[in-house]
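Right, one structure below, let's go through it.
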Amino acid sequence: MFYFDSTMLILLPALLIATWAQFNIQASYSKYSKVYSRNGYTGSQVARMILDGYGLFHVPVVPIGGKLTDHFDPRENVVRLSQDVFYGASIASIGVAAHEVGHAIQHRDNYAPIKIRMALVPVANIGSSASWMLFILGFVLSMPALVNLGILLFTAVVLFQIVTLPVEFNASSRAVAILISRNILFEDEISGTKKVLRAAGLTYVAAALTAIAQLLRLIALSDRER
């Protein structure tokens with residue numbers, strides 16, 4: 001069987017980085033969610049303030065369940081914030097809220113990477129769910145075409161993860177610049193917010209590295225079994 005063999009070593013470094021990245025974001029968010037902004041704004045207030053400042057009056061800000069489930073949905077044009085961020089007045093909550101609004105501004109500005117990422121979503125979803133099934137089926141049936149199709153579909157997942165990086169880092173840069181320029185946070189509060197956003201960004205780097213490692217493993221397995 002090829003599920004647990006030497007090719008798993010290709011994945012190991014990426015998995016270790018991903019584990020560390022998840023621990024880091026949880027620790028950073030937990031630490032700075034206890035540091036409250038002196039201006040007293042909640043995440044939802046900050047999101048609404050920034051959206052209105054950019055003329056995005058039509059984009060709603062709504063609460064959702066879960067922790068760190070915050071996101072901007074470009075299909076429905078809505079900013080969704082987790083309960084802690086929506087109602088929280090910490091510098092972590094404010095940073096996360098501003099980051100998600102950064103995505104809404106990207107969407108408004110037709111920022112190229114976010115458009116590319118949106119275009120990749122359908123094929124990346126298919127690749128994520130079907131690539132391994134096709135790959136394994138190709139081995140079982142001795143059909144190289146299915147193996148190659150599985151690899152091709154997973155390549156779309158890798159591309160999606162890579163394109164996500166500039167989208168996320170740009171949104172964080174926009175968020176920090178806005179929080180400073182509009183005096184939403186004081187200068188000494190910004191450093192904590194930056195640390196939270198940087199930690200969040202590293203989770204996307206880890207996800208991209210893991211996807212690349214998985215693709216390399218698929219290729220290694222394919223070459224070995226030919």
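Using the three backbone atoms N, Cα and C, a Cβ is placed for every residue, glycine included.
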Stated TrEMBL location of transmembrane segment, expressed as one of 3-25, 118-140: 118-140
Residues of the parent chain within Cβ reach of the transmembrane segment (146-165), under 8 Å, 6 or more residues beyond its termini: 113, 116-117, 120-121, 123-124, 126-128, 130-139, 204-205, 207-208, 211-212, 214-215, 218-219, 222, 225
